[in-house]
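*Asks:* These came from Swiss-Prot, pasted as-is:
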- 1-22: region 'Disordered' (REGION)
- 223-286: domain 'Ubiquitin-like' (DOMAIN)
- 329-363: region 'Disordered' (REGION)
- 338-348: compositional bias 'Polar residues' (COMPBIAS)
- 390-419: zinc finger (ZN_FING)
- 475-703: region 'TRIAD supradomain' (REGION)
- 479, 482, 502, 505: Zn(2+) 1 binding site (BINDING)
- 479-529: zinc finger (ZN_FING)
- 497, 499, 520, 529: Zn(2+) 2 binding site (BINDING)
- 548-608: zinc finger (ZN_FING)
- 568, 573, 588, 591: Zn(2+) 3 binding site (BINDING)
- 596, 599, 603, 608: Zn(2+) 4 binding site (BINDING)
- 644, 647, 662, 665: Zn(2+) 5 binding site (BINDING)
- 644-673: zinc finger (ZN_FING)
- 657: active site (ACT_SITE)
């Protein structure tokens, strides 16, 4: 007898000596390998917990082995046995279990536990020598256990003939499939009436269907999809080869195989849409090389993903993706709304259901399976290992994406190409790159053309605006003088400072100004505009008489401020000139008189000597002239009058502050210091003049606001 799952089963092949060495309540047998194929065998030490002792007299830990075998002629027939090879030279089966009715659990990296499903629920703990051997054993046993559990319901007994109910179900299924085929044909032909009838028939049957476009509707060309992978703390960019007809679920499975990201933690965003598993990539706009998708990774806790589930799914994915197994890849647990599924049951297909009886073929398939299982995550290691192949192109310093040599910026994050990168001399761009270069040249040409057109339009607009004497306000504003609301075009926009006022206010400012330069009237609590109105703006704002008066005021100020100026001696004449060393006579263009610049008078018909003699003679006999001269000298000597420091005429202060201005040269004078108020550069120049209020000091103790 030998221990099996759920009880004791007879096992032939014991010798009388071997049977005598075992307890009466425990049976041992020799392993029968004539019809069994051994998948894997490892050395273990055993710790048994149950109502029956599990031991063999004289057997040590070094002689115990766990052995997994299968029957090539029966699908899902796996046997797990505990062998002893001490002393006798032959392996003796201590215990043997049907793998389909036991539970196997990984307790720690070097400790596994087996328990019986049926009473008395014995438990056996196996301790392995190294972690790698324990991991390889767990991979094979767990995969075989799932295969045995999947096949078990199909092998409960011999198949019975179909009864009436099964026959009826078969007929219903046939009619449903035929209706689906007819519905497909009606939709392809565009027959709306027939399609509606077939759809109604299926709806009455409550048929469970899966409808999706045919693969022929998509382009069957493999493309490169740029994937930006991000989690809560980091991000990177990878390139994945995909087909447009692939679904999001297939893309998740591919990323799981290549990079180890479980489908439960994957969230895909393409074209600002959260992708669902059933839709294809083409439905989100993925059609050509370089299209971008974003993959956001959740935490395992948020996705309710355990380490055991991850390892099981990795083992299944690696086994199913191997070409040697030649089996279709079933999907991993379905996700709803791009999230984790609440179901833990998932289909598995690990080993081939039936192996050929030929010894050479059997040995080849077994070795292929063992080679596949002995590799520790081969696809993941290859996918995550750095690519050692030499690739032409430059690596982005920000996202590490490998770009084509001629690309000026990163295709993913638009970072500029490193300045020290040199395009290889013998590099030849491919067709896609040549098209991109041509598109860039065309884009640059169009940009330059649009920019030149914009410059021409701006220049034409500026020329048109410059031809206008007054610029109207382009938007509603308030006049800062009269506070009237000005609609677009009702006000005047000053060219120098872009301040806007109404026409009447600007006209009043010009007419009341005593200076030849009319300043902008804008004032507020913190700012005073220092710009001036242009001559053409003044000409367009005031009448012709006021404009002439403004021009004459400017000439008068220019004459008074000019050191070498001379005014025509004719009464009420506005003509004047500037002294020159070689010119002694000024021909006035206003009154047409000839002024002697030496005598500073008009003495036509007399030379300078004759005129001076005549003037001296008239001064002796003219008593009025003598009294006037004597009065002016007395005023100057008494301090009631003074000579202008610029032109020398006599000026007099009547009342008020100590500031006054010469009526001839318009020089600002400080009365208390008897000198100019400002320096040679005019108003604001404190390098000369009386320097009043410089360093908070008055120019004179008796100063009465000369500023």
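Backbone N, Cα and C define each Cβ position, glycine as well.
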*Asks:* Which Cβ among the binding-site residues (482, 505, 588, 591, 662) has the fewest C-beta neighbours inside 10 Å?
*Replies:* 482
*Asks:* Whole-number answer please: how many Å between the C-alpha atoms of residue 603 (Zn(2+) 4 binding site) and residue 568 (Zn(2+) 3 binding site)?
*Replies:* 12
*Asks:* Out of 390-419, 548-608, 644-673, which stretch has the largest tally of CB pairs under 8 angstroms to the zinc finger (479-529)?
*Replies:* 548-608
*Asks:* Using an 8 Å cut-off from the Cβ centroid of 568, 573, 588, 591, can you name the remaining same-chain residues around the Zn(2+) 3 site, in sequence order?
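*Replies:* Filtered neighbour residues, in order: 569, 570, 574, 575, 589, 590, 592, 593, 595.
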*Asks:* Within the same chain, and leaving aside 497, 499, 520, 529, name every residue whose CB is within 8 angstroms of the centroid of the CB atoms belonging to the recorded Zn(2+) 2 site, in sequence order.
*Replies:* 494, 496, 498, 521, 522, 530, 531
*Asks:* With every protein chain in view, what's the tally of Cβ atoms within 10 Å of the Cβ of residue 657 (active site), excluding that atom itself?
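*Replies:* The Cβ of residue 657 (active site) has 13 Cβ neighbours within 10 Å.
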*Asks:* Across the zinc finger (548-608), what does the pLDDT come to on average, as a whole number?
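*Replies:* Here the predicted model's pLDDT, averaged over the zinc finger (548-608), is 83.
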*Asks:* List the residues in the vicinity of the Zn(2+) 1 site, defined as same-chain residues other than 479, 482, 502, 505 with C-beta within 8 angstroms of the site's C-beta centre.
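*Replies:* Near the Zn(2+) 1 site, the remaining chain residues are 480, 481, 483, 484, 486, 491, 501, 503, 504, 506.
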*Asks:* Output, ordered by sequence, the same-chain residues six or more apart from residue 520 (Zn(2+) 2 binding site) with a CB under 8 Å from its CB, or 'none'.
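*Replies:* The list for residue 520 (Zn(2+) 2 binding site) reads 494, 496, 497, 499, 529, 530, 531, 532, 533, given in order along the sequence.
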*Asks:* Summarise the zinc finger (644-673) as counts of helix, strand and coil residues per DSSP.
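*Replies:* Each residue of the zinc finger (644-673) counted once, the result is 0 helix, 9 strand, 21 coil.
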*Asks:* Of the recorded positions 482, 505, 657, 662, which sits closest to residue 591 (Zn(2+) 3 binding site) by Cα distance?
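*Replies:* For residue 591 (Zn(2+) 3 binding site), the closest Cα among 482, 505, 657, 662 is found at 662.
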